[in-house]
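What follows is a short report on a single structure.
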Amino acid sequence: MTKSYIPCSNLKTAGLVVAVVELFLCALAVYGLFRNFHLFGSNYFIWFLLGIVSVFIILIAIALFVYAIKSENARWLIPHLSAQIFLVIFLILVAFIVAILMLFGAYRGIRNLLGVSNYYMSDDSTFLLGIMIIVIYLLVALLELFFLYIVYRLYKHLCHYESIDNENRVNWQVVNDFPKDNKHGSAAMGDQYPYGDDRRNDGNGQRYL
């Protein structure tokens, strides 16, 4: 197993920071969804609904992520890792599609992609909106890639510690108790034998160490 020189406590703290930042991004996303729904009306309802469902799924993944840190259980990190991978792919894909549409001047296609085809918007405004989408989506994708690295390192740490705990439970398991009375004993079992001047007699005058 690859050794990591980052203390696990620091990774846990970094993981909590990731959770807080992602909660903030979710809040911004919800604000943007409601703002666009108020601006574009019922034509934006499908995209609004998909956005709300996506945010809800991400919030569940964040909750499981925090629970995994608190319980030190690596398996609960898997939903968050999966959500991060899907989100990064989605952000890069949307940015790529918008860039291709802008390259060919298909501004109406950009408006259709955003669900605002029935809302009047000039080509210049659509061009600026496309640039903004590409920049923001790529920045968020890069941020999530960095977060993905942190969460993956934390996942490896927790898996490593769980394997150590399992090995300790196997190595220290006691099947049966050893006989322990006034005629049996072992230093390995914790019995004390004071070697030195302290001696005892067996009743017949014999002295034993």
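Cβ coordinates come from backbone N, Cα and C, glycine included.
Residues or ranges marked as region 'Disordered' by TrEMBL: 183-209.
Long-range contacts of the transmembrane segment (12-34) within the same chain: residues 48, 51-52, 55, 58-59, 62, 65-66, 69, 140, 143, 147, 150-151, 154, each at least 6 residues beyond the stretch ends and with a Cβ under 8 Å from a Cβ of the stretch. Residues or ranges marked as transmembrane segment in TrEMBL: 12-34 (among others).
Taken from TrEMBL, the feature transmembrane segment covers 46-69 (among others). Taking Cβ pairs closer than 8 Å, the transmembrane segment (46-69) reaches residues 12, 15-16, 18-19, 22-23, 26, 29-30, 33-34, 36-37, 75-77, 79-80, 82-83, 87, 114-115, 151, 154, 158 in its own chain, all 6 or more past its ends.
Under the heading transmembrane segment, TrEMBL lists 81-107 (among others).
The annotation transmembrane segment is assigned in TrEMBL to 127-152 (among others).
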